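Contents: one structure, followed by commentary.
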Amino acid sequence: MTELFLVRHGETDWNRARRIQGRTDIPLNDTGRAQAKATGQLLSRRSWDGVFASPLSRATETGAIIAAGLGLAAPAPVPGVVERDYGEAEGLPWEEIEQRFPDGAEVPGRETREQVAERVVAALCELAAAHPGERLIVVSHGGAIRSVLQHAEPDTQHPAITNGSVHSFRVTDDGLELIAFDDPIEAESLGTGGDIEEQNALEHRPS
């Protein structure tokens, strides 16, 4: 059974400034690179069959740092796990978004959560089918990972998805099953739970 460990990329300057990134290609900052290195050290507790990443540079660089630390090949791109498209909200600070689009108002051009979940889950299942029985690292984004969590556990509200965090899933005939939110990468993984604020759109909560 294939296991997928989804990693949220390291911090960027827009994360720190609480600006929505979405598909905008913002690179890691020095803190983000340090987070990626620390995540690689955490992941070194287990053996891995490969590293994959969203094509956005903040995910690709995070994956490259992790792969180098593990002695694995550079991450192969998986376009389907790219971040949610936030349309006209991209680049805006969270406070301005709340003013311009209050009370859940529709944001022009924003990908729906259902569209994100369908795209990301399909990409991960396709990746798993190409790597049966393997354990893979996939570097993605807060909104994309949130969609997988909602697919796997629609009745559970998980806490914020922090930069560099790891969330493990196994692929079954029914889709993706959560092993652990914020996986400690120990012999036995922890369970889930907690509160959340609306999608972690900034993913800072920190993205």
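Cβ from N, Cα, C; glycine included.
In TrEMBL, the substrate site is described by Arg8, His9, Gly10, Glu11, Thr12, Asp13, Trp14, Asn15, Glu83, Arg84, Asp85, Tyr86, and among Arg58, Arg113 the residue recorded at this site is Arg58.
Here His9 (active site, tele-phosphohistidine intermediate) is positioned 6 angstrom away from Arg58 (substrate binding site), judged by their C-alpha atoms. In three-state terms derived from DSSP, Arg58 (substrate binding site) belongs to a helical segment. The maximal spread of the substrate binding site, taken as the longest Cα to Cα distance among Arg8, His9, Gly10, Glu11, Thr12, Asp13, Trp14, Asn15, Arg58, Glu83, Arg84, Asp85, Tyr86, is 19 Å.
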